Amino acid sequence: MDREQLLNVAEKFGTPVYVYDSEIMRAQYERMINAFSTVKKVKLNYACKANTNLNILKFFKSLNSGLDTVSIQEAMIGMKAGFEPNEIIYTPNGVSFEEIKMAVELGLKINIDNISVLEHFGHEFPDYPVCIRINPHIMAGGNSKISVGHIDSKFGISVHQMPLVKRMVENTGLKINGIHMHTGSDILDIDVFLQGAEILFEVAKDFKDLDYLDFGSGFKVPYYPNGDETDIEYLGEKLGNRFNVFQKKYGKELTLMFEPGKYLVSQSGYFLASVNVVKQTTSTVFAGIDSGFNHLIRPMFYGAHHEILNLSNPEGRNRYYTVVGYICETDTFGNNRKINEIREGDVLCFLNAGAYCFSMASNYNSRFRPAEVLLVNGEAQLIRKRETIEDLLGTTIEISI
Ligand SMILES: Cc1ncc(COP(=O)(O)O)c(C=O)c1O
């Protein structure tokens, strides 16, 4: 992190602002590819729900990544960014069949996670190969809101329903070209991944037309200095070897796929906000910033931790602060944090702000969403303007009252 460069961005583009470092994205992408170097065909599909800025998609395209999408709109942004339809995986959940038809018309790689949809699909598009998302019934993920592979989850087709899936495939003549699972986010324990992978291999062996196996994502990144992260090199060694054994037995070379979001972009992002007020109460010192959970919802939404640094006063003595936003509800970014002394006007920096931050931002309290800046080849480039009152009112239709 280059403190001076971030302060220059805050000065030039104002706050609040998101800043992303493309070199960190590249390093994470390459680290993951290298971890699986024993496998001949590996494809990473960047899960763009983490951060959908067009330029970030273009950057991943330039690295030879594919794209993982969960809505037609994400797929359309992906195509605008230069991805070919067959480089885009579409993994919806609970969408209308109309939207799935649109995915067929666009020519996307489709991933189906519901038996009734599979049946409908088989009757309408028997010649369009699809992938199925299984639910392996394992508990994985950092917290209950991001654990999606367990038995009570709405995602995927239960592994116990595979006999029905197979019968449906035989009846309709559908070609199943991939098996997929995604069991949660922030998974630390490699054994959990490997356990899930065994279930996927067990399912996959009975489908004869496969081109790829997609192990989803859920790789954990560190949220604290020296914090824990998924040991990607160890996973690469273990899963890579196991995958090679499987494909040999299967009798065909398959592509090993992943769809990381957080792993590729979380650490590349910095959220910069200015301190509006420092407020001492009987029990606490609050630092109130020019932002709120409308811009960065993860702490309030699922208790996510973002390190907070004072860029303007790095040598200041450490004091304890509760950092809050301006939203008219409880709006806490961090409780009782040790931070270099904060003065009104200082610029604070929130780490791990590249994933699920801007993409979850809203206009709550009728606030503008922040600007976004990308650091490319050392240069800070504006990639999204801060919104204006025209943007806020753009879709409103005023009637006479
Ligand atoms: C289907 C699917 N794939 C990939 C991801 C990306 O997960 P992560 O950001 O943990 O890498 C998600 C996240 O919700 C997802 O739902």
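Heads up, the Cβ atoms here are built off N, Cα and C, so glycines get one too.
TrEMBL has this to say about the protein:
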ACT_SITE  C328  active site, proton donor
BINDING   G218, Y356  pyridoxal 5'-phosphate binding site
BINDING   R298, Y302, E329, Y356  substrate binding site
DOMAIN    18-354  domain 'Orn/DAP/Arg decarboxylase 2 C-terminal'
DOMAIN    28-266  domain 'Orn/DAP/Arg decarboxylase 2 N-terminal'
MOD_RES   K49  N6-(pyridoxal phosphate)lysine
Least buried by Cβ count (within 10 Å) of the binding-site residues Y302, Y356: Y302
For C328 (active site, proton donor), nearby residues of its own chain (Cβ under 8 Å, 6 or more apart in sequence): N365
Winner by Cβ contact number (other Cβ atoms within 10 Å) across the recorded positions K49, G218, R298, E329: G218
Residue among recorded positions K49, G218, Y356 with Cα closest to the Cα of Y302 (substrate binding site): Y356
Of the recorded positions listed as K49, G218, Y356, the one whose CA lies nearest the CA of E329 (substrate binding site): Y356
Alpha-carbon distance [K49 (N6-(pyridoxal phosphate)lysine); Y356 (pyridoxal 5'-phosphate binding site)] in Å: 7
Rounded to the nearest Å - Cα separation of the residue listed as 'N6-(pyridoxal phosphate)lysine' and G218 (pyridoxal 5'-phosphate binding site): 13
Distance-selected recorded positions near ligand 1 (C-beta under 6 Å), from G218, R298, Y302, C328, E329, Y356: G218
Cα distance (Å, whole number) from R298 (substrate binding site) to G218 (pyridoxal 5'-phosphate binding site): 16
